[in-house]
Amino acid sequence: MLPAPVLEKAQKEMLDWQGLGTSVMEVSHRGKEFIALADKAERDLRSLLNISDSYKVLFMHGGGRGQFAAVPQNLTTQGDRAAFVDTGVWSKKAVEEANRFIGADVVASSYQDQSGLWHVPQDKVVEVASSARYLHYCPNETIEGLEFNFVPKASNNAPVIADMSSTILSRPIQVDDFGIIYAGAQKNIGPSGLAVAIVREDLLGQARKDTPAILNYSLTDEFDSMYNTPPTYSWYLAGLVFEWLLEQGGLSAVEKINQHKAECLYQCIDNSDFFNSQVAQDSRSWMNVPFQLGDSSLDALFLSEAEKQGLRALKGHRIVGGMRASIYNAMPLSGVKTLIEFMNEFERTRG
Ligand SMILES: *Cc1c(COP(=O)(O)O)cnc(C)c1O
């Protein structure tokens, strides 16, 4: 979901961007107008996340999964190993991709407690081999709806690498806690086709010789994220989303709204005898809220009735089943309220 004011601005500017008589898609990415757009997008992102000068902000191709390969390629040599926390589907995919290049060791995993509720691993310091080159984790598992409310450290002080695809910009973070933060754009930043990587300066310049140029952090930095033609329209829309977030009051304001949205929805689930959540309180995502119906034979009916109310995309991932409400930044509180009213009514009449 993208914020409506962003889409409206894009619509208004579609045929005539900045009085140039063309769309932003049609101008050269090396022209001064686009470069100004690119610079402003970076400045706004830096301001939103309070990113210091010791980090590079890179706009790259290949989405989140491109970064699954970019990280090992940029930080390791053949024969190296790195440590991974496994909290679900996206963690596992990152491990699978890293294993093409290095030895990826899973050193901590999500777990179910005695009542069957899921938790992220609770260790603030994750025990890793002394040779581990980095510690990779996924702060918010999009499919399982498991989110960390702290940043783990590696016992050997190796850099922490975070796949923030589904949680970036949902609340303030301390960028200094991380070696690299990356995110595919399409959950909380803008349209697909773009990935943002925030890379600590001292981690540049170590890429393997055979790293594809478009995944090489140093080259990307050297060419101001324009080694080849960047995904210009995605970049433009991302810039509009950053402006919109700043207009909302920045991430501390956005955090309050997101927390409230999530609390309302979890409260509806917890207060119900019909819906339930399999995620423990300490690990609940603010962005992705999976829930189950007491009677899964009503799943199809729930989805079709929801659709009639304009409530779409509620089907859970096939791996976990049930339902999942993704309530990213662009989802207004009113959308969550509509879902809650629908759920209450469904429980009353069908539950
Ligand atoms: C969606 C997602 C990805 C994959 O992003 P692509 O851009 O499709 O490669 C990776 N990690 C997480 C946490 C995601 O939610």
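The backbone N, Cα and C atoms fix where each Cβ goes, glycine too.
With Gly64, Arg65, Thr142, Asp163, Gln186, Asn228, Thr229 listed by TrEMBL as binding pyridoxal 5'-phosphate, the candidate from Trp17, Trp90, Trp118 annotated for that site turns out to be Trp90. Contact annotation for binding-site residues (Arg30, Gly64, Arg65, Trp90, Asp163, Asn228) versus ligand 1: Gly64, Arg65, Trp90, Asp163, each with CB under 6 Å from a ligand atom. Arg30 (L-glutamate binding site) has its Cα within 10 Å of the Cα of these recorded positions: Thr229, taken from Gly64, Arg65, Asp163, Gln186, Lys187, Thr229. Rounded to the nearest whole angstrom, the C-alpha distance between Asp163 (pyridoxal 5'-phosphate binding site) and Lys187 (N6-(pyridoxal phosphate)lysine) is 12. In the three-state DSSP reading, Asp163 (pyridoxal 5'-phosphate binding site) counts as strand.
The recorded positions under consideration are Arg30, Arg65, Lys187. Their Cβ neighbour counts within 10 Å are lowest for Arg30. Around Thr142 (pyridoxal 5'-phosphate binding site), the same-chain residues at least 6 positions away in sequence with a Cβ under 8 Å from its Cβ are Val89, Trp90, Ser165, Ser166, Lys187, Met287, Asn288, Ser326.
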